[in-house]
Amino acid sequence: MNLDKLLNDIPKTDLHCHLDGSIRPGTMIDIAKKDNINIPCYDLKNFESYVKVPEKCPSLKTYLNKFDIPIKIMQSYDNIYRVTLELIEDAAKLNICYIEIRFAPFNHTTKLTANEVIKAALEAVKYGREKYGVISNLILCAMRHEPSERSKELVNVAKDFVGMGVSAIDLAGNEADFPPEIHKEAFEMAKHYGLHRTVHAGETGKPENIIKSIKLLNAERIGHGVFAFKDSSVVEYLKENKIPLEVCITSNVNTSAVDSYKDHPVKSYLDHGIIITINTDNTTVSNTNIIDEFNHLIKYQNFNINDIKSVIKNSITYSFADKEDKDILNLKFSSFINNIEDYN
Ligand SMILES: [Zn+2]
């Protein structure tokens, strides 16, 4: 089987992709020059070290430092529109047919309102679908270190965009110091308004955060969930309750959540019957893309073609796309699979 060609051509998804962590470095330099934003250097090669991590950094906290420049760049309508559209263009080039793009609107409000920030990204989502044929939805992130009032404010802004391209809210940021329950009320409100919920949990060694996120925050999916293995009751709970994990293997190697690609528990979770989806987290910060992620899984985790098919199928099934879009995606995926013998 011509696996490289198959991996390129197979319709793929990305349910866990941070916009601010996935901006083209060249675009950041370009915007910095245009808007007189101070960045440490203006040549691409040297600049990359400020927005990409080496394969290993000591912790999630260090990893999160790489978002400082992207956040400075994303403070105008045009810039947010541009980086969103470019992310969709990059997705299209890799045959990603569906992407859920996430960011924290309140990180971009030095000049804009959160409402304007969301509108800028949504305009790109709409045009990206027309121009590149990629279906996208937005996931809006509440930040763990911010007060609960802020996450409730986020839900109040997000609720006006339900059914218009904002599909869900998320809880992101420093998991080690801020447990999920701080934001319980905001997530209850989100459920009430018809917003889906996903939560970063079990990314930094605390499996109990996974259960708290599901039970207290009504999370329908879990971002990462790497550390579920530390508590077998968590593994069983995820399986029994069909709570999918948004796995981002390179990011987990980067943040030292796992020692290496080989040490990641993803294949054991998949074989155990947990619903697994495969995602990038941050294409720029982690210096990856969805095809690289699959290649790592094949090389280090013994993923075979059936595993790949099943995780993509899971992503479509458990995406936050509406029924009509899921039908389109399922059709696209099944017609590709029906002709897969062309790759033998
Ligand atoms: Zn993430």
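The backbone N, Cα and C atoms fix where each Cβ goes, and this holds for glycine too.
A TrEMBL annotation is a machine prediction, not a hand-curated record.
In this structure, H18 (Zn(2+) binding site) is part of a beta strand by DSSP. Annotation for H18 (Zn(2+) binding site): same-chain Cβ neighbours under 8 Å, separated by at least 6 residues, are R102, F103, C141, A172, D281, N282, V285. The Zn(2+) binding site annotation in TrEMBL covers H16, H18, H200, D281.
In three-state terms derived from DSSP, G173 (substrate binding site) belongs to neither a helical nor a strand segment and is classed as coil. If you look up TrEMBL, you'll see H18, D20, G173 marked as substrate binding site.
Under the three-state DSSP scheme, E203 (active site, proton donor) falls in the coil class. Non-local contacts of E203 (active site, proton donor) by the CB criterion (under 8 A, 6+ apart in sequence, same chain) comprise L60, E175, G223, H224, G225, V226, F227, N252, T255, A257. If you look up TrEMBL, you'll see E203 marked as active site, proton donor.
Look at TrEMBL and you will find H224 tagged as site 'Important for catalytic activity'. Taking all protein chains in view, 27 other C-beta atoms sit within 10 angstroms of the C-beta of H224 (site 'Important for catalytic activity').
In the vicinity of ligand 1, defined as a Cβ distance under 6 Å, the following of the binding-site residues D20, G173, D281 are placed: D281. Around G173 (substrate binding site), the same-chain residues at least 6 positions away in sequence with a Cβ under 8 Å from its Cβ are L64, C141, M143, R144, H145, H200. Look at H224 (site 'Important for catalytic activity'): DSSP puts it in a strand.
Of all the Cβ atoms in the protein chains shown, 29 others lie within 10 Å of the Cβ of D281 (Zn(2+) binding site). The record gives H18, D20, G173 for substrate. Within 8 Å of the mean position of their Cβ atoms, the other Cβ atoms in that chain belong to L19, G21, L64, F67, R102, F103, A104, N107, C141, A172, N282. Within 10 Å of the C-beta of H16 (Zn(2+) binding site) we count 28 further C-beta atoms, all protein chains included.
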